[in-house]
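A.B. asks: For reference, Swiss-Prot lists these features for the protein:
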- 1-22: signal peptide (SIGNAL)
- Cys58-Cys104: disulfide bond (DISULFID)
- Asn115: N-linked glycosylation site (CARBOHYD)
- Asn157: N-linked glycosylation site (CARBOHYD)
- Cys277-Cys328: disulfide bond (DISULFID)
- Asn295: N-linked glycosylation site (CARBOHYD)
- Glu323: active site, proton donor (ACT_SITE)
- Asn487: N-linked glycosylation site (CARBOHYD)
- Cys504-Cys521: disulfide bond (DISULFID)
Amino acid sequence: MAGCRLWVSLLLAAALACLATALWPWPQYIQTSHRRYTLYPNNFQFRYHAGSAAQAGCVVLDEAFRRYRSLLFGSGSWPRPSFSKKQQPLGKNILMVSVVTAECNEFPNLESVENYTLTINDDQCLLSSETVWGALRGLETFSQLVWKSAEGTFFINKTKITDFPRFPHRGILLDTSRHYLPLSSILNTLDVMAYNKFNVFHWHLVDDSSFPYESFTFPELTRKGSFNPVTHIYTAQDVKEVIEYARLRGIRVLAEFDTPGHTLSWGAGVPGLLTPCYSGSRLSGTYGPVNPSLNSTYDFMSTFFLEISSVFPDFYLHLGGDEVDFTCWKSNPNIQAFMKKKGFTDYKQLESFYIQTLLDIVSDYDKGYVVWQEVFDNKVKVRPDTIIQVWREEMPVQYMKEIEAITQAGFRALLSAPWYLNRVKYGPDWKEMYKVEPLAFRGTPAQKALVIGGEACMWGEYVDSTNLVPRLWPRAGAIAERLWSSNLTTNMDFAFKRLSHFRCELLRRGIQAQPISVGYCEQEFEHT
């Protein structure tokens, strides 16, 4: 195995040496050479292949063609470059794009195929894929292959790439409750996610701190639960824009509404929803988690999640279920009476009762669900297709042991525990995130097939729009490559060179990505 890895490392290093630009994330299979072709910005075109199922009018690809032309060449005109005989023009200055299945008006899903093949040689410049989602990934790779000489001439090397993701779920979580993130910050994040081939935006919309989601069924939730009901909310149009913006980049929107804990912001808008806490025999004036003993709680949840199910088109909703503090439930005599009536002797049983009822409600709306690991740990009865997200890194249960237990029980798993980007420390902390191997647990091949990917999490206690971008990028890129590329792509020196280059490319694209070491970029951020 060591010899195999050394050979792979040498091969990758050789590939990097003959590429004028480095790719991020690294593709599964690549052949490239020093032979290069000139591109002319003034007449370069993206064009549909005659045999493609998608043609002009396919909004996903039409919009992508416009975006990538701008990313490559900008909006100005360029003088025609002079070139020697060794610099061969690239065909007719056209990238032909061919897809087998046109899904132009659909949404990406967990089963979407993102494979693509990119061929650049003397005879053709062709991007082939089974779906438009694969074509989007190939367009990003193509954009990273194009490079500009010191004289201002655009080139691309002779290249053959066959590429596909290692995991189908590659996400970023943004917390928009603890600090409100303007719509522009979310859209900007979606752009850079596409550059990194992420495909899931996990939107942690609400929490204890605020309820910025504008509910049309329960408008008081937003009016009384947001930081500011005018300036710090996401309107129905905002949510719709995020979903469509993400779709055009091949990104799913996984909405999270976490209950029964993390719900203090819900209380003012829905009287009676939260549990009143007691101090001795008297009400303390404070509130705890959702009250699981009242029928009105489940009536509300049924109506509310009917709305959510209609607003968010993805098959999956994230229902949370983490960090439920039992202190308030323990203090409340009505909760104690309810538990006695039900025969519950443990507050985890009460929590399980609530969550099981909620899961049944959501299932009735033909939705699947993702939950945090506590739902599994507390032995809540869930459907076999439930996805469990692992976030707890601390002992006594190390996260790989947790994944082993989850997959042994037959459930699919997502890994987030080692990828909390809101946590920062001095130095190149991206390296530790890059070194994580999601399948490094004892398990059968069938178990390991149940790990469907992971997410980088950006919790918002100390993050808002002022520091979101440099804290996310390019650090999140380490997770992007770990979830996309082969498990053999692990050489740290090779990764460092490519990530440094990619960080400079992000600056060129107007993204204020932080440095990963000492150095410089030809085009610094203030020059964009």
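Glycine is no exception: its Cβ is also placed from the backbone N, Cα and C atoms.
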A.B. asks: Given a separation of at least six residues and a C-beta threshold under 8 Å, show me what packs close to Cys104 (disulfide bond) in the same chain.
C.D. replies: Ala54, Gly57, Cys58, Val59, Val60, Leu61, Val132
A.B. asks: Among Asn115, Asn157, Cys521, these being the recorded positions, pick the one whose CA is nearest to that of Cys277 (disulfide bond).
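C.D. replies: With Cα distances computed to Cys277 (disulfide bond), the winner among Asn115, Asn157, Cys521 is Asn115.
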A.B. asks: Taking DSSP as the reference, which of helix, strand or coil describes Cys277 (disulfide bond)?
C.D. replies: strand
A.B. asks: Just to confirm: which same-chain residues, 6+ apart in sequence, have a Cβ under 8 Å from the Cβ of Asn115 (N-linked glycosylation site)?
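C.D. replies: In sequence order, Ser129, Glu130, Gly134, Thr162, Asp163, Phe164 meet the Cβ cut-off.
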A.B. asks: Mind telling me which of the glycosylation sites Asn157, Asn295, Asn487 has the densest Cβ neighbourhood, counting other Cβ atoms within 10 Å?
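C.D. replies: By the 10 Å Cβ neighbour count, Asn157 comes out on top.
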A.B. asks: I need the CA-to-CA distance for Cys328 (disulfide bond) versus Asn487 (N-linked glycosylation site), whole Å please.
C.D. replies: 46
A.B. asks: Given the recorded positions Asn157, Cys504, Cys521, find the one whose Cα is closest in space to the Cα of Glu323 (active site, proton donor).
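C.D. replies: Given the candidates Asn157, Cys504, Cys521, the nearest one is Cys504.
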A.B. asks: Just how many other Cβ atoms lie inside 10 Å of the Cβ on Cys504 (disulfide bond)?
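C.D. replies: Summing over all protein chains shown, Cys504 (disulfide bond) has 22 other Cβ atoms within 10 Å.
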A.B. asks: Taking 10 A as the limit, how many CB atoms besides its own sit near the CB of Glu323 (active site, proton donor)?
C.D. replies: 13
